[in-house]
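Feature annotations, reproduced from TrEMBL:
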ACT_SITE  90  active site, proton donor
DOMAIN    1-114  domain 'Phosphotyrosine protein phosphatase I'
REGION    1-30  region 'Disordered'
């Protein structure tokens, strides 16, 4: 997305700090590498109150994370579910990382098209 829209600030953060400071899951990195993504410097971080000031829109991957974001929201950022009314399935337990990437890439392309 950064390559297609360099004027946008894109970031990723979790609503919980379980993996803070760690690199992405090895399966996500492997699937991302197959698609040309580079994760050399990416580390997990937790959402902060400053994010609600820094970003115009904050997308949640599922309804639970959207509820968590709403509970801590402090600022003008608009909160939305990334896929509209559908959760992005968690690939962790069923190893569905290719499907997750497909959904996220398709939605990013749609967002960029307006």
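For all residues, glycine too, the Cβ spot is worked out from N, Cα and C.
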Reduced to three DSSP states, the domain 'Phosphotyrosine protein phosphatase I' (1-114) has 40 helix, 10 strand, 64 coil
For residue 90 (active site, proton donor), the nonlocal same-chain Cβ neighbours (under 8 Å, six or more residues apart) come out as 62
